[in-house]
Ligand SMILES: [Zn+2]
């Protein structure tokens, strides 16, 4: 068994709450890694011997980012649509069908190349766990192959057959819901841990969304919901009703929505249903940002994720999302860093990632900076110097 010591850490963010605040910050620390797990965390002066050593040279070390919401399986890009939006056209979600057409026409090899390219791009920027959704196939075969390809790079895979009603079912959405709940779910479930629905005007209403999510639950899948992105709606409360791990976007919330989320708070002070905010989407659609401060003040657990997709948020950068959350959404740098690491883990119901303590996965990043503050303070700068994924330097 070989061991690796990350030594001379100036600021270690552990996310183990206690004397170091909610981020569990330790100064002049070291982390011992064995067998892909954290074996020891403590003062650098007391560090045990190890086979290999990485000198952090006084820099900040954090848990790897947990991106709990991404759509990486697609073909084509929609740069022209982005340009049109920036010239004044509104975002409606209708462009999803453009990507569906390109994705259906793509070979397995083309889809696989895109997934691997984006996965590697995210890893370079410090993302050590990424959730990947289907949702651009929208046929039985195309949804199943999207998820099969996603499982090649992540265990956090989500069936999103209910992304939009595809054009060929536009006149008979009930039939499409039956297809999603029946043969499509049966083909997708072996490759998925989660089920998700785009519950929004123009996509799926509350009755359709409830039916689809219940079918997924009956197949053993956990629930996530795209909710309240483009306007007020039933998505957040539906997610709470079904015990969703996360409701995502949460841009347009009523007091009743916030209260519903807060009502899921458990003994550890975190809400069982996490509000996952995706500021890359508001940035790329020039829309008002969600109010993170309101959620945090109500006691709701908040996660940050990229929503990486070719239409509404083509970024894989968690540091970019942290910077937006601090500048535009009322979060402190510490809250944003927690939301991008431990919050994402909570949104995936994982306790082995987003945290650096003995027994956790050795997923960590070394910054080219002395403090986590620099992630928001120096926006757009590639501050992630080195990534350890499962204890392996990348
Ligand atoms: Zn999404």
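Just so it is clear, glycine is given a Cβ too, placed from its N, Cα and C backbone atoms.
Within its own chain, residue 69 (Fe(3+) binding site) has 131, 133, 224, 246, 248, 276, 278, 305, 306, 307, 347 as residues 6 or more apart in sequence whose C-beta sits under 8 angstroms from its own. Taken from TrEMBL, the feature Fe(3+) binding site applies to 69, 71, 226, 307.
Among the features that TrEMBL reports, Zn(2+) binding site is placed at 69, 71, 226, 307.
Taken from TrEMBL, the feature 4-imidazolone-5-propanoate binding site covers 78, 136, 163, 229, 312. According to its DSSP assignment, residue 136 (4-imidazolone-5-propanoate binding site) is coil. Its own atom aside, the Cβ of residue 136 (4-imidazolone-5-propanoate binding site) has 31 Cβ atoms within 10 angstroms in the protein chains shown.
Per TrEMBL, N-formimidoyl-L-glutamate binding site is recorded for 136, 309, 311. Neighbour list (residue 309 (N-formimidoyl-L-glutamate binding site), Cβ cut-off 8 Å, at least 6 residues apart, same chain): 70, 71, 74, 99.
Per-residue pLDDT, averaged along the domain 'Amidohydrolase-related' (247-369), amounts to 97 for this model. Look at TrEMBL and you will find 247-369 tagged as domain 'Amidohydrolase-related'.
The closest partner of residue 226 (Fe(3+) binding site) among the binding-site residues, by CA position, is 163; the full candidate set was 136, 163, 311, 312. The shortest Cα-Cα distance between residue 311 (N-formimidoyl-L-glutamate binding site) and any of the binding-site residues 78, 136, 163, 229 is the one to 78. The DSSP breakdown of the domain 'Amidohydrolase-related' (247-369) into helical (H, G, I), extended (E, B) and coil residues amounts to 47 helix, 20 strand, 56 coil. In this structure, 307 are the binding-site residues from 78, 136, 163, 229, 307, 311 whose C-beta falls under 6 Å of some atom of ligand 1. According to its DSSP assignment, residue 226 (Fe(3+) binding site) is in a strand. The 4-imidazolone-5-propanoate-binding residues named in the record, 78, 136, 163, 229, 312, extend over a maximum Cα to Cα distance of 20 Å.
In sequence order, 70, 133, 248, 249, 278, 281, 305, 308, 309, 313 are the residues of the same chain, not among 69, 71, 226, 307, whose CB sits within 8 A of the CB centroid for the Zn(2+) site.
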